[in-house]
Amino acid sequence: MTHLQFDNRLRAQLPGDPEQGPRRREVLAAWSAVRPTPVAAPTLLAYSADVAQRLGLRAEDLASPQFAEVFGGNALYPGMQPWAVNYGGHQFGHWAGQLGDGRAISLGEAIGVDGGRYELQLKGAGPTPYSRGADGRAVLRSSIREFLCSEAMHYLGVPTTRALSLVGTGDAVVRDMFYDGHPRREPGAIVCRVAPSFIRFGNFELPAARGDVDLLRQWVDFTLARDFPDLPGSGEDRIAAWFGQVCERTAVMVAHWMRVGFVHGVMNTDNMSILGLTIDYGPYGWVDDYDPDWTPNTTDAQGRRYRFGTQPQVAYWNLGRLAQALSPLFGDAASLQAGLDQFRDTYLACDRRDTAAKLGLAECQDEDLHLIDDLRALMREAEMDMTLTFRGLVDLSPQQPDASVLREAFYDETKRAAQAPALGAWLQRYAARCLQDGASDAVRASRMRAANPRYVLRNYLAQQAIDQAEQGDLSGVHALLEVMQRPYDDQPRRESFAAKRPDWARDRAGCSMLSCSS
């Protein structure tokens, strides 16, 4: 028996669906009561010791058969009251109507050892009223990716939901990975996601689109009371201040994505958190050879709406949809524009901060924005690895700038040779700027190591771990989890995890591009 304590405020304070169970239906309430569907043989495959500790879970709790039963969807701890939440959203720029938690079921809101709130949510636990004809299950492949990325992003310093556990179900799930008419049976799994709140932009968009101002106001009042209790003011002013905070947090989150080279892949408004947390890890990826037009999502391959370089603009557009949803609560919605302006100001400030940090400078001058933009253009032309380029610059001597520090970063020798003169000229400019900055080599290197990770969860690394896990070997998952807990450190005997994408992975499924199939 664990010592978890639950208060489940969302279920207690927002109107629920009068019908229980997973029957697909239109729901006019905030949430629906639904239990996870049992699985054949739940087995704990991996867990986050840090998240477990925050929840007050002990080693004997994690080792007990009951833990796998609960987080595999077969049982409940006392105090758990499972539900699925109703929301809508804009998908690829178009209103999609009711969406909701199609395969995510929240078990409850636990109070952690720090007094904080931790909503525990199973992904892949079976059908809900929002499953839209799907089975509500998840495959091991996508579950490993979500589990590892949730934790990797946390240790990179990127605002994110967390993952407590990865449980194998013992059941097979049929999926058509690339929607090309070739479905196959894959092992099933369930991830327990953890966050103070899973409320999304779409929770406000759906009642607004339906003209249900009462439910919209209930969502806003609940969110302010539970998740933003310290916001001063009242009425429209308080809602506008809250929207400003959502805009600010979203800007900080996306700036971190751009700093570490992360591409979300599916920035629909139903995948946007009101806490500014990265949420819903599907066909995500990290930029290998630098390309601002790259997207890892096969569904977005033609339009590339959610490509790496447009993520800040998409976030701004999504916030505009949230502002539109909130506008019925305002006599004059013009006050919401201040929040959108706050997004721009915050993002630009974060970008300047990150530019200075990535280049190892004390502060960002206007010329430094041109300097880093010119480096990005060079990386694109020379097909250079983003992570290895910035990490390689740590070892540059401003007194004797030598391009050999970047030798690991190139994917194409012909392009390297063609761009060598331009790169040499850029290194001279950068070296002069470092000397002007005046910091010692040690100080500059320390700044850069704190901003430029050595290790990121490259798709090919995750795919290698998945291949092993599908054969029953979890060692790759455990090794990646361990390495990604120290992404900014040089880890002896772990150099292979920092290597650029190998040639075999350039076009392999799961290593270059992915679908939403999971």
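Cβ coordinates are placed from backbone N, Cα and C, and glycine is handled just like the others.
Pulled from Swiss-Prot:
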- Asp270: active site, proton acceptor (ACT_SITE)
- Gly100, Gly102, Arg103, Lys123, Asp135, Gly136, Arg193, Arg200, Asp280: ATP binding site (BINDING)
- Asn271, Asp280: Mg(2+) binding site (BINDING)
- 1-10: compositional bias 'Basic and acidic residues' (COMPBIAS)
- 1-23: region 'Disordered' (REGION)
Within-chain partners of the compositional bias 'Basic and acidic residues' (1-10) [C-beta distance under 8 Å, separation at least 6 from its ends]: 30-31, 55-58, 61, 66-67, 77-81, 83, 85, 106, 108-111, 119, 222, 226
Distance [Cα-Cα, Å, rounded] between Arg103 (ATP binding site) and Asp270 (active site, proton acceptor): 14
Helix, strand and coil totals (DSSP H, G, I; E, B; other) for the compositional bias 'Basic and acidic residues' (1-10): 2 helix, 1 strand, 7 coil
Asn271 (Mg(2+) binding site) and Arg193 (ATP binding site), distance between Cα atoms, whole Å: 14
Fewest Cβ neighbours within 10 Å, where candidates are the binding-site residues Arg103, Arg193: Arg103
DSSP-derived class (H/G/I helix, E/B strand, else coil) of Asp280 (ATP binding site): coil
Under 8 Å by Cβ from Asp135 (ATP binding site), same chain, sequence gap 6 or more: Arg103, Gly126, Pro127, Val173
Cα separation, Asp270 (active site, proton acceptor) to Gly100 (ATP binding site) (Å, whole number): 8
Residue pair Asn271 (Mg(2+) binding site), Asp280 (ATP binding site) - Cα distance, angstrom, rounded: 6
Integer Å distance between the CA atoms belonging to Asp280 (ATP binding site) and Asp270 (active site, proton acceptor): 9
Local backbone state of Arg103 (ATP binding site), from DSSP in three classes: coil
Tertiary neighbours of Asp280 (ATP binding site) (same chain, Cβ under 8 Å, six or more apart): Val266, Asn271
Secondary structure at Asp135 (ATP binding site), reduced by DSSP to three states: coil
Largest inter-residue Cα distance among Gly100, Gly102, Arg103, Lys123, Asp135, Gly136, Arg193, Arg200, Asp280 [record-listed ATP binders, Å]: 23
